[in-house]
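Written below as structure tokens is the structure these notes are about.
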Amino acid sequence: MVNFTVDQIRAIMDKKANIRNMSVIAHVDHGKSTLTDSLVCKAGIIASARAGETRFTDTRKDEQERCITIKSTAISLFYELSENDLNFIKQSKDGSGFLINLIDSPGHVDFSSEVTAALRVTDGALVVVDCVSGVCVQTETVLRQAIAERIKPVLMMNKMDRALLELQLEPEELYQTFQRIVENVNVIISTYGEGESGPMGNIMIDPVLGTVGFGSGLHGWAFTLKQFAEMYVAKFAAKGEGQLGAAERAKKVEDMMKKLWGDRYFDPANGKFSKSANSPDGKKLPRTFCQLILDPIFKVFDAIMNFRKEETAKLIEKLDIKLDSEDKDKEGKPLLKAVMRRWLPAGDALLQMITIHLPSPVTAQKYRCELLYEGPPDDEAAMGIKSCDPKGPLMMYISKMVPTSDKGRFYAFGRVFSGVVSTGLKVRIMGPNYTPGKKEDLYLKPIQRTILMMGRYVEPIEDVPCGNIVGLVGVDQFLVKTGTITTFEHAHNMRVMKFSVSPVVRVAVEAKNPADLPKLVEGLKRLAKSDPMVQCIIEESGEHIIAGAGELHLEICLKDLEEDHACIPIKKSDPVVSYRETVSEESNVLCLSKSPNKHNRLYMKARPFPDGLAEDIDKGEVSARQELKARARYLAEKYEWDVAEARKIWCFGPDGTGPNILTDITKGVQYLNEIKDSVVAGFQWATKEGALCEENMRGVRFDVHDVTLHADAIHRGGGQIIPTARRCLYASVLTAQPRLMEPIYLVEIQCPEQVVGGIYGVLNRKRGHVFEESQVAGTPMFVVKAYLPVNESFGFTADLRSNTGGQAFPQCVFDHWQILPGDPFDNSSRPSQVVAETRKRKGLKEGIPALDNFLDKL
């Protein structure tokens with residue numbers, strides 16, 4: 001299938017049971033893009049000779065130069081299963097041709113927002129793990145996200161060539177390595193998954209079922225137990241039995257797969273399988289996986305890499321491998337590649353695993369609907385999503401914007417969950433802040449064109465039915481990053497994506513030539529569109545701030561801004577870190593503030609959260625949308641709150657969802673409800689810009705103790721109450737031992753044993769501390785996990801490499817907020833320097849404002 005016409009693809013799109021939407025996820029440099037190549041070349045978009053070198057999905061120039069994937073790209077593949085293989089599919093199917101929409105996502109932590117966007121539009125994930133270094137921190141983060149989105153994983157052990165050629169492992173050691181990785185992945189799945197009783201059933205991976213692949217993306221070969229089981233079934237069948245029917249054959253292969261993994265042993269003397277490790281006459285038996293699967297592979301490697309021509313020729317003949325004439329003259333590694341590629345082609349093994357084990361939209365949307373759709377579970381839109389119904393109302397989620405070749409326009413990239421999207425269709429474009437029945441963030445516009453994404457190319461297409469991934473033209477002006485597109489009037493939004501990282505590093509940018517300012521502003525708008533994570537902020541002082549997840553992320557954003565979006569030379573400041581303000585004990589006095597007209601008084605106190613509550617709010621375990629009683633019960637049980645107080649939470653802040661709480665513990669106050677909105681507004685304002693240096697507050701609980709109000713409504717309007725509430729909140733913070741919190745990275749460093757000492761040295765200089773150190777079993781590598789303040793992380797990588805001779809590779813993920821030790825009022829302390837710097841940068845008055853500005857006397 002080299003030449004694909006759009007009409008052919010369009011025909012398959014209607015067979016929604018035969019669509020697979022999947023993403024490839026993994027730790028950085030475990031070989032996702034390389035593997036994706038062998039899939040793409042099998043489905044015929046790259047000429048097969050170049051696979052493994054092209055990295056088709058790395059479409060950007062900087063991706064090809066840095067050899068990392070930065071943005072997630074989508075490609076449609078087509079694969080036909082043979083009659084025999086169709087019997088392995090346990091869900092509904094429709095013909096033998098399958099359309100696979102594949103999204104290759106980046107593995108670098110700084111880009112994990114890209115991964116989140118990719119996960120939202122897919123139903124299954126191919127998790128790639130390097131079998132030498134095992135399951136790493138990013139694999140875990142991404143897999144956890146996938147399971148939270150109810151996405152079914154299958155596993156691929158990549159880089160087997162390294163295990164055989166570099167580490168020279170014995171078959172039994174290699175089996176143990178695989179076994180350990182499978183266990184690690186299953187531990188993650190069972191920790192974050194919903195168990196067998198959940199809506200998805202059992203999603204644990206198991207080589208016996210064929211949900212684990214083994215192979216090498218670089219050399220272009222791979223297999224699951226199914227491939228070998230088929231060879232042996234055919235071999236045993238040839239000895240005596242005649243032809244089997246397809247269904248019986250599938251049954252036999254499944255039985256055979258059960259014997260090829262785990263504690264099953266093979267007795268070569270009589271060709272029997274046994275469950276004990278010793279044969280009747282006391283000999284030690286080889287494990288079946290080693291004897292029947294690894295042994296032939298080892299033999300091929302051994303014969304070819306030691307240049308034994310006759311043995312090689314015999315093996316090639318025995319395995320029935322047909323080489324091209326040009327391959328016959330090769331020797332060493334090139335010949336090894338050619339032989340393995342012919343014998344166990346990676347494309348086939350992986351595409352079979354994907355089509356057989358990953359769910360179709362029909363299967364997946366049944367259990368994903370409740371996570372995807374915010375509205376009631378029984379309205380038209382929800383029913384359409386659940387049944388993946390092309391006749392239902394159009395429901396489509398845009399997960400990100402993809403820049404087009406002409407500067408400044410974007411394709412909206414997303415997935416149709418119900419209905420059909422077509423060129424010229426008039427739709428409702430709903431941004432993330434849309435609420436049903438209101439007009440904000442809602443546009444009624446026609447779609448100009450629908451297009452298919454093909455890696456580096458796009459193809460126009462008339463219409464696309466549900467279950468497919470598509471690009472839209474002409475929607476980009478109405479959405480910033482994500483949104484919902486629908487034709488159903490009462491539709492609610494599709495749920496917003498939760499990112500596992502937060503933008504904590506910021507730089508200020510300005511144009512080198514002041515006349516270019518309008519271009520810079522325009523460029524920042526485009527940048528905010530093109531990256532799901534980045535935040536572009538204009539400070540009151542007129543500074544333009546870009547906030548990103550880490551150093552690398554920001555570097556790439558700035559490069560994009562300079563070259564693609566604004567196209568002007570740019571000056572940037574040194575990166576600075578966002579802080580949070582908090583309190584460390586309860587206010588020592590009951591704070592009183594009077595309104596400007598002296599007729600209203602508010603009394604409040606502040607106190608810190610119990611440990612863990614702020615994190616629960618971030619995760620969404622406790623939120624403003626929850627049912628009141630359930631939330632009160634949760635707070636009472638887990639954090640020992642008073643139930644009566646827990647029920648009287650007025651709001652969360654900043655932005656209505658942040659990790660600060662305003663509770664009302666007043667007794668019988670007149671007119672209280674009339675000023676509730678004003679106090680809440682003051683609270684949102686105060687928590688967004690704290691008292692110390694106008695950073696967000698975090699982990700503070702404010703209690704309204706008492707309120708005395710003027711009887712006349714006109715004297716207690718918003719203009720009187722809002723600033724008073726804010727002053728009172730500031731006073732209660734300043735009397736409660738305020739502190740600063742700084743963001744902390746979790747750093748995972750892989751390195752050989754001899755340089756571990758160097759790592760400790762670097763971390764100690766940077767205020768970091770190691771909390772776990774372990775050896776990767778079966779390899780000389782150590783994994784060191786440490787906490788490192790984000791503030792100290794600039795240039796950390798370079799420092800580490802120079803101190804360890806380039807042998808240590810760090811991965812940083814934002815992990816938590818931690819209180820900066822020291823009192824911000826003490827001039828010699830670290831926090832007071834930070835406060836002073838931040839205030840200076842923001843153009844505020846020097847020094848923390850005095851308490852008298854906020855606290856009034858009776």
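Cβ atoms are placed via backbone N, Cα and C, with glycine included.
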Among S325, S802, S829, residue with annotation phosphoserine (source: Swiss-Prot): S325
Rounded Cα separation (Å) that holds between S216 (GTP binding site) and K322 (SUMO cross-link): 20
Cα-Cα distance linking S325 (phosphoserine) and A26 (GTP binding site), given in Å to the nearest integer: 37
Top Cα neighbour of Y265 (phosphotyrosine) in the set of recorded positions M160, K272, S325, K445: K272
Cβ neighbour count within 10 Å of K322 (SUMO cross-link): 7
Rounded Cα separation (Å) that holds between T435 (phosphothreonine) and N158 (GTP binding site): 45
Cβ neighbour count (within 10 Å, all chains shown) around S325 (phosphoserine): 6
Rounded mean pLDDT for the residues that make up the domain 'tr-type G' (17-362): 74
Of the binding-site residues listed as N158, M160, L218, the one whose CA lies nearest the CA of K439 (N6-acetyllysine): N158
